[in-house]
Each structure stands twice: as C-alpha cells, then as structure tokens.
C-alpha cells in the first residue's frame with residue numbers, strides 16, 4: 001500500500017504563517033475531509049476570502065489537490081489522498097467519476113424546463129394567456145380555438161427538443177462506454193471510460209483518444225515521447241509532442257507500472273488548455289510537471305504504439321469539459337424579430353381594448369332602460385353602479401375577441417408544415433436531418449465526415465450571414481510550410497517567386513516569370529529552395545562563411561523536432577510540433593547539417609563541408625536548456641555545449657522580440673535585415689529571425705541555478721521562467737532570417753470573390769506581419 005506522506009515541519013510552519021495551507025495529516029475524525037493543500041499555490045486568493053473547491057460543498061475550501069498514484073496488492077490503482085480534517089465543516093470529500101453528460105434535459109427536468117423554454121417565446125406566452133382568458137366566463141368564444149393550436153405547437157416543439165437531446169444522450173452513452181485498458185492486479189483490464197477515477201493507471205493505444213486528463217508516465221517511443229493530435233480541442237492538425245519525466249520512463253509494462261508509487265501536487269481543475277502547474281513526488285524526489293506531461297481528454301495518440309498514463313482530472317473536471325458550457329437555448333434572428341413584432345401588435349391590441357373598456361364603463365348608464373340594466377339577474381359586466389368593474393371585465397372580453405389580430409398560425413407556419421401530403425412534420429427538422437446532413441457539397445471525402453446539424457433552431461440563420469470570421473493558417477492556407485528564402489549576414493538567398501508576388505504583378509498588369517530552376521535543384525516536402533551559392537557546400541566560398549555556419553547550426557540545433565526512421569537523409573522523417581520547425585530542420589539537412597538523432601541530453605548533427613569540401617563528420621551537441629516558444633515570448637532558445645566546451649545560446653523568433661535583445665554595434669546588418677524582412681513579408685512569406693550568443697561557464701552556472709528554481713516553482717512558474725529567460729536572452733548577435741511559404745488552399749480566391757458578391761464581410765485572424773497579411777489578402 002502507498003504510505004501516507006508526513007508533513008514537513010518547516011513547510012508546515014511556513015504555511016501556517018502565510019495562511020495558505022492547512023496541516024497535512026490524516027486523522028480518523030468523521031468531520032469534513034478535503035484534499036491536502038499544496039505548500040505553494042499559484043491561484044490561492046487572500047486567506048480571508050475563501051474560494052470554493054468544486055468538489056466540496058463547504059465554503060472554506062481553498063486548496064490544491066494533492067494525491068498519490070500507486071498500486072495496492074489486491075485493489076485497483078486508485079487515488080490515495082492525503083487529507084486534513086477541519087473542525088466544524090459538515091461535509092465529506094467525494095471522488096469524481098469519469099462519466100460525462102452534455103444533454104440539455106433529463107427525465108425530471110424535461111417537462112418543466114422544456115415548457116419554460118417554449119414560454120420564453122413571447123407568442124407562446126401570449127397564446128397561453130388568451131387560452132386561460134377564453135376558459136373564463138368573460139370570454140364570448142370557445143377556448144378550443146386557442147388551446148388546440150397552442151397545444152399542437154408545444155407538442156411538436158417538445159418532440160423536436162426531445163429527439164435532439166436523445167441524440168446527445170446517445171452520443172454521451174457511446175463515449176462513456178468506450179473501453180480503455182486499466183491496470184489491475186499487474187495486468188491490463190478493459191473497462192469503460194465512465195468507471196475511471198483519479199489515480200487510475202491506464203494504457204492508451206495508437207489512434208485512441210485519451211479518456212481523461214492524464215499524467216504521461218511512459219511510452220513506447222524513445223525518451224518517453226509521444227505525439228498528440230489536438231484537433232478536437234483547438235482545430236490544430238499539427239502533432240504536438242508530449243514527453244514523460246525521465247524518472248517514469250520504465251513504467252511501460254504492467255509489472256513495472258504496478259510498482260509505481262508517487263504523489264502529485266497540482267493546481268485546481270481549470271479550463272486553461274495550455275497551462276498546467278504541479279509537482280510529482282516520487283522516491284523522496286520532487287519533479288516539476290508542466291503541460292508537456294499532460295495529455296488532455298479529447299486528444300488522440302498518434303505515431304506511438306501506446307502510452308501509460310495516470311488519471312489526474314476526470315469527468316467534468318477535465319479541461320475540455322470545463323471549457324464546455326451547458327447546452328444553450330439557441331434562438332434564431334427570425335424568432336427574436338417575431339417576438340418584437342408580437343410585442344408591438346400586443347401594444348396595439350391593448351390600446352384598442354383599453355379604449356373599448358373605457359367607453360363601456362363611461363357610457364353604460366341606468367337611463368338606457370332598453371339595455372335591461374335593472375333586475376336581480378344583472379351580470380357584473382353590465383352593472384352601471386360599478387363602472388370600474390364593468391370596464392375591467394370588458395377589457396378581458398375585448399382581448400379575447402380581438403386576439404386574432406396576432407394569429408397563432410404565425411408560429412405554426414414557421415415550425416410546422418404539411419410534408420408529402422399526409423406526413424405532418426417539422427419543416428426545420430426535415431431541413432436539418434434530410435438536407436443539411438445529406439448535403440454532398442459539405443461531405444469531406446478524405447476523412448469520411450458528413451455535415452452534422454446538432455440543432456434545427458438556427459436553419460434560417462444560414463441565409464442571413466453577414467460576417468465570416470476565420471483564421472488563416474490551415475484554413476485559407478494549406479499549412480504545408482516550405483523553406484523558400486533566407487537572409488544570412490545581410491545577403492538574400494533564394495531565387496523563387498511566390499504566388500502572392502505573381503498575383504500582385506497580375507493586378508498591376510505586369511507579367512512575372514518565375515526564375516529558372518537549377519538542373520540539379522533539391523525538392524522535397526518542406527524545402528522549395530534554389531540558390532547554387534549556398535547549396536552543396538558552396539557557402540564556404542561566400543564572403544561570410546562563418547555566419548553561414550552559425551545559421552545552419554541554429555536551424556539544426558534550436559528546435560524540439562524528433563527524428564524517426566532510418567538515419568539517412570533520404571528515409572528519415574521529422575516529427576515536429578509545427579510544420580515550420582520541420583521545414584527549418586529539413587532546410588538544415590539540405591544545406592549539409594543533417595540532424596539525425598536525439599537523446600535526452602544530446603543532439604547529433606552530421607555536418608558536411610565544414611572543415612573542407614567533401615568531409616563529413618558526426619558532431620554531438622549537448623542540450624543543456626530549452627527555453628520553449630509560447631505566444632507571449634514569441635521566441636525559442638536552446639543553450640548547448642559544443643564538443644570543445646564552447647557554450648552557445650541559439651535563439652529564433654519574431655523580429656520584434658529578437659531586435660530588442662540584440663547587442664549594440666551591429667547597426668548595418670540590423671538595418672539591412674529589417675529591409676529584407678519587409679520584402680519577404682510583402683511576398684507573403686512567414687519570417688523568423690535567428691541569433692546567437694556565446695556564454696561563459698560562470699555566467700551559465702549562475703543563470704542555471706535560477707532556471708532550476710523557477711522550473712520547480714508551483715507559484716507563477718511561467719512568469720518566473722520568462723523572467724529567468726530574459727536574463728540570458730540578451731546581447732545577441734543577429735545571424736539572419738528565414739522566409740517560409742504557406743500556399744493558399746485551392747479555390748480560396750474564387751470562394752472569397754463569391755462571398756464578397758453576396759455582400760458577406762470576411763475577417764481573417766493572423767499572426768503575420770502587417771505587410772504580409774495585406775499582400776496575402778490581395779492575393
């Protein structure tokens with residue numbers, strides 16, 4: 001059994017002083033039991049303002065979950081938590097299951113909630129009021145004329161809602177009953193997803209989906225690496241790289257995995273897909289956890305035979321489910337306009353009835369004997385002695401009489417129609433199930449995916465679209481990056497002409513002929529470059545061969561790409577987090593700097609023509625630190641050690657952030673490269689700047705201590721890592737820049753032209769430079 005960890009006295013005292021944590025001991029008291037608070041929390045508020053733990057019904061919880069993962073001899077690998085008992089809190093901590101539900105209703109809430117949704121429509125509420133009034137003695141008409149049409153509309157609408165929610169239930173049921181291998185008694189047992197709980201150890205096979213948010217322990221690929229597709233979360237088809245901690249690489253088979261015992265301290269469940277902060281305590285060693293070790297529910301495993309993972313968040317506490325909202329009540333623009341129209345008509349109706357009621361109370365007098373206003377059987381609405389009551393009752397009578405001014409057929413005709421003479425069906429339901437779902441123009445042949453209308457409430461919105469918001473990469477473009485041009489030391493290399501340049505010339509009435517390709521030009525996926533000046537070792541004859549060498553080494557070393565297959569230039573395959581990185585490494589290979597192997601600490605590059613023409617040597621570079629790219633930093637850096645002991649930081653990123661960190665005294669190359677960046681951007685190319693810096697051993701050792709502290713921090717880890725990175729990413733020497741082409745999808749110009757003729761405005765979101773975005777829009 002996993003033994004309970006004992007509290008650290010120093011950490012306990014510090015926690016008591018700061019008020020950020022409670023004692024971490026297990027007691028047998030039947031009082032409230034809640035998860036152990038982590039010693040450091042990046043999300044703890046002021047101790048006087050408690051925040052609810054989503055898994056606890058009390059209002060005193062302000063904790064970070066801390067749980068153990070391990071195996072007992074006779075039970076499943078369940079969560080083993082450290083607990084703290086707080087006096088006076090009458091609730092108990094309950095484990096969360098992995099079952100999910102995305103339905104809008106259940107058996108108990110369908111009728112009341114469904115009726116509530118229907119009576120949110122002003123028309124239905126109005127007809128309900130008229131139906132009630134027509135059932136009273138003041139009504140001169142039969143209630144059946146109002147009750148029957150209203151009942152029909154409500155019945156058909158509820159049936160449609162029930163059918164759509166039933167489809168959601170069936171989808172949830174299929175997902176919850178999907179099977180996954182779970183570790184039990186030193187063997188893998190197939191169990192439904194819904195039976196998983198936090199702490200279970202599972203095995204996910206290639207092309208399978210992750211059943212919960214998992215901590216990656218091990219995989220069949222070397223170095224504990226696996227590839228993940230996150231298309232279901234963010235639409236990105238690029239494979240993401242996830243890497244297990246080196247301490248857990250051995251837990252590949254069930255016998256070894258059953259020996260795993262550890263404790264995880266992590267942040268509360270949240271909806272941030274790209275952040276995760278935690279620590280894994282294993283064998284008295286604390287290891288920092290990051291998003292690189294987290295496998296999110298909804299993602300799928302690619303290019304990996306299988307992985308072993310431990311459930312961290314399950315069910316509705318997973319990040320994807322915390323990003324999902326309750327099924328909204330969707331109402332079309334037509335329905336909202338009808339509501340406003342009915343309110344206006346009701347205002348007219350009310351004025352008419354008010355005038356009639358006022359007249360009946362004003363002009364009903366005893367002197368009009370011929371109206372029979374005397375006698376014991378005189379009704380209240382004809383009694384001249386109480387004119388206010390006469391006016392009020394006549395008001396209701398007139399409302400029922402004038403009610404046809406708002407015909408119920410207004411909604412009946414929208415919701416319902418006669419289909420095929422005898423079959424009475426909903427028009428919008430038929431549109432969604434028979435037309436939209438079966439539309440061959442919306443069928444994607446490559447993935448065998450038809451269109452799927454999840455609701456029929458918004459069909460008419462399709463013909464009223466005014467704006468289209470789209471991203472660029474992978475939507476308007478093919479997301480197939482090709483190394484096209486570059487600038488090294490202020491000199492531009494590459495002779496190609498982009499399709500954006502061709503399109504711009506055609507708009508100006510000019511004809512552009514693409515440069516003639518060399519007879520022996522190299523062309524492969526990710527590389528569409530031709531310039532004999534630097535190909536096949538010719539860069540040695542350039543005016544700046546040392547700068548060319550740094551440029552190629554930066555491409556070959558500063559990345560997180562993983563090689564696969566045979567270690568030959570012809571058969572090797574690169575797995576990268578983005579096609580840009582794969583294109584840059586492919587370019588380095590074609591320039592004679594062939595990256596072919598990666599270990600946890602080394603990168604092997606086969607360099608050609610460095611010492612002399614024709615000479616090839618394998619050079620191992622020790623990777624000391626990787627400062628990863630993110631949307632805030634807009635750059636990536638690698639600290640490496642050459643075989644001769646030289647320490648170098650290579651950095652690549654956006655020109656705006658690289659130029660801010662350049663050393664003084666390189667104004668000429670900075671100005672020249674800036675102009676070339678603008679030229680590349682005008683040609684529709686994606687640009688990156690490359691730079692490097694030599695580092696002394698003392699400088700690196702001092703900086704590395706701060707880096708390790710920041711990487712192990714639970715509080716504001718990302719911010720601390722960024723601050724530490726700023727300390728070393730300075731005084732850089734600019735090497736040059738790269739220019740990558742991402743061609744437009746086929747048919748994009750004609751599609752945009754058609755949408756423009758229809759009066760639809762198109763907005764495109766892109767991270768490109770301004771001039772690049774403008775020229776791509778023209779193209």
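Heads up, the Cβ atoms here are built off N, Cα and C, so glycines get one too.
Any TrEMBL annotation is an automated prediction that lacks curation.
Lifted from TrEMBL, the feature list:
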| type | residues | note |
| --- | --- | --- |
| ACT_SITE | 471 | active site, 4-aspartylphosphate intermediate |
| BINDING | 471, 472, 473, 581, 629, 652, 686, 766, 767, 768 | ATP binding site |
| BINDING | 471, 473 | Mg(2+) binding site |
| DOMAIN | 96-146 | domain 'P-type ATPase N-terminal' |
| DOMAIN | 177-238 | domain 'P-type ATPase A' |
| TRANSMEM | 341-364 | transmembrane segment |
| TRANSMEM | 384-401 | transmembrane segment |
Long-range Cβ list for residue 629 (ATP binding site), cut-off under 8 Å, min separation 6+ in sequence, same chain only, gives 635, 636, 653
If you measure between the CA atoms of residue 767 (ATP binding site) and residue 471 (active site, 4-aspartylphosphate intermediate) and round to the nearest Å, you get 9
On average, residues of the domain 'P-type ATPase N-terminal' (96-146) score a pLDDT of 85
Taking only the CA atoms, the spacing between residue 686 (ATP binding site) and the residue listed as 'active site, 4-aspartylphosphate intermediate', expressed in whole angstrom, is 15
Residues in the domain 'P-type ATPase N-terminal' (96-146) per DSSP class, helix first, strand next, coil last, are 25 helix, 0 strand, 26 coil
Neighbouring CB atoms within 10 angstroms of the CB of residue 473 (ATP binding site), all protein chains considered, total 20
Residues near residue 471 (active site, 4-aspartylphosphate intermediate) by Cβ (under 8 Å) yet at least 6 apart in sequence within the same chain, in sequence order, are 764, 765, 766
Cβ contacts within 10 Å for residue 767 (ATP binding site), all chains included, total 13
The DSSP breakdown of the domain 'P-type ATPase A' (177-238) into helix, strand and coil residues is 10 helix, 30 strand, 22 coil
Across every protein chain in view, the count of C-beta atoms other than its own within 10 A of the C-beta of residue 686 (ATP binding site) is 22
